[in-house]
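According to TrEMBL, the features are:
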- 7-102: domain 'Pyrroline-5-carboxylate reductase catalytic N-terminal' (DOMAIN)
- Ile10, Gly11, Ala12, Gly13, Ser14, Met15, Ala73, Val74, Lys75, Pro76: NADP(+) binding site (BINDING)
- 165-269: domain 'Pyrroline-5-carboxylate reductase dimerisation' (DOMAIN)
Amino acid sequence: MRHSERYCFIGAGSMAEAIISGMIANGRTEPAMIDVVIRSDRERLLYLQDQYHIHCPESQEDAIHKAGTVILAVKPKDLLEALQQWGRFIHPHQRVVSVIAGISTSFIEQHLTAGVTVIRTMPNTSSLIGRSATALCGGLHAEKEDLQATQEDFNAIGSTVLVDEKDMDTVTGLSGSGPAYIYYLVEALEQAGVNEGLSRSVARQLTLQTLLGAAHMLLETGKDPTELRQRVTSPGGTTMVGIETLSNHHFQDALMSAVHFARKRSEELGSAFSPSATK
Ligand SMILES: NC(=O)C1=CN([C@@H]2O[C@H](COP(=O)(O)OP(=O)(O)OC[C@H]3O[C@@H](n4cnc5c(N)ncnc54)[C@H](OP(=O)(O)O)[C@@H]3O)[C@@H](O)[C@H]2O)C=CC1
Ligand SMILES: O=C(O)[C@@H]1CCC=N1
């Protein structure tokens, strides 16, 4: 016997909600097939049940036990407690999918019954609207069908790519945290427009459509970003001055450092949870 179609989320925060919302909206599963296990925040559970009409389990232990896929969606610092609290209800016929930054599949495997399939993923909050960029890798017991099924789950909320586990920290620094870098950029562009005299609503509309248009240009033309940038940059024109100014402020270095240090932070989060940590 392999997996049931039920999903059980351990953790009811922003990432759990983003995935639940995306999976329901995209028809990957039905609200009645989803349970959420909480630590203490009953109001949050009631909110999710009200908002998404997800299942209301009689017992949290049962909800975990009956699921085919158990999704670990707690903060790294809460993982050990969550595994100690709920891990004993997880059995080897289930698939455990972690969305937790920094934590290795081997650490999770070590704290579950021997043989449980563990998949490590790194989605992002754009899951909420079906636009996540998710990378994933399998642990020791993950078979091709487990990776395929998890890819199908996450394809319902965006795109997926399989990577080696050694690359998961980089992925976390790039596309896990990435939406925040883009929002930061948008804040600055919008504010720049306001500083130069535009109304906030006009500045926002122009910024967002520029962002959207550039993303679609990259996706739909398949052209290299350097080529597309050069096409905007007329010799002696405005863009040239803008790009020079960004370069003088080490704009690209700043982004590369952001990804580098976010990756290191992901590694640090994980190093507190090495597989040798006591069971
Ligand atoms: N936010 C993001 O953009 C992304 C986050 N992630 C990863 O997703 C994970 C969750 O992040 P996020 O959703 O932002 O965090 P939140 O703090 O929003 O949610 C964490 C949830 O876990 C619950 N929780 C903690 N301990 C337990 C427990 N023992 N049993 C059941 N539930 C428990 C918390 O409940 P309570 O409120 O009671 O503490 C809370 O509902 C993190 O590991 C993060 O690395 C991955 C990709 C992107
Ligand atoms: O900031 C964090 O730690 C999480 C992981 C990736 C995005 N948010």
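Placed from the backbone N, Cα and C atoms, the Cβ positions cover glycine too.
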I'd like the per-state residue tally for the domain 'Pyrroline-5-carboxylate reductase dimerisation' (165-269) from DSSP, helix first, then strand, then coil. 90 helix, 0 strand, 15 coil
Those residues of the chain, 6+ apart, with a Cβ under 8 Å from that of Lys75 (NADP(+) binding site): Gly11, Gly13, Ile100
Across the listed NADP(+)-binding residues, Ile10, Gly11, Ala12, Gly13, Ser14, Met15, Ala73, Val74, Lys75, Pro76, what is the farthest Cα to Cα distance, given in whole Å? 14
Within the same chain, the residues at least 6 apart in sequence whose Cβ is under 8 angstroms from that of Ile10 (NADP(+) binding site) are Val37, Ile64, Val70, Ile71, Leu72, Ala73, Val74, Ala82, Trp86
Within 10 Å of the Cβ of Ala12 (NADP(+) binding site), how many other Cβ atoms are there? 21
So which one is it: of the binding-site residues Ser14, Ala73, which has the fewest other Cβ atoms within 10 Å? Ser14
According to DSSP, how is the domain 'Pyrroline-5-carboxylate reductase catalytic N-terminal' (7-102) divided among helix, strand and coil residues? 47 helix, 16 strand, 33 coil
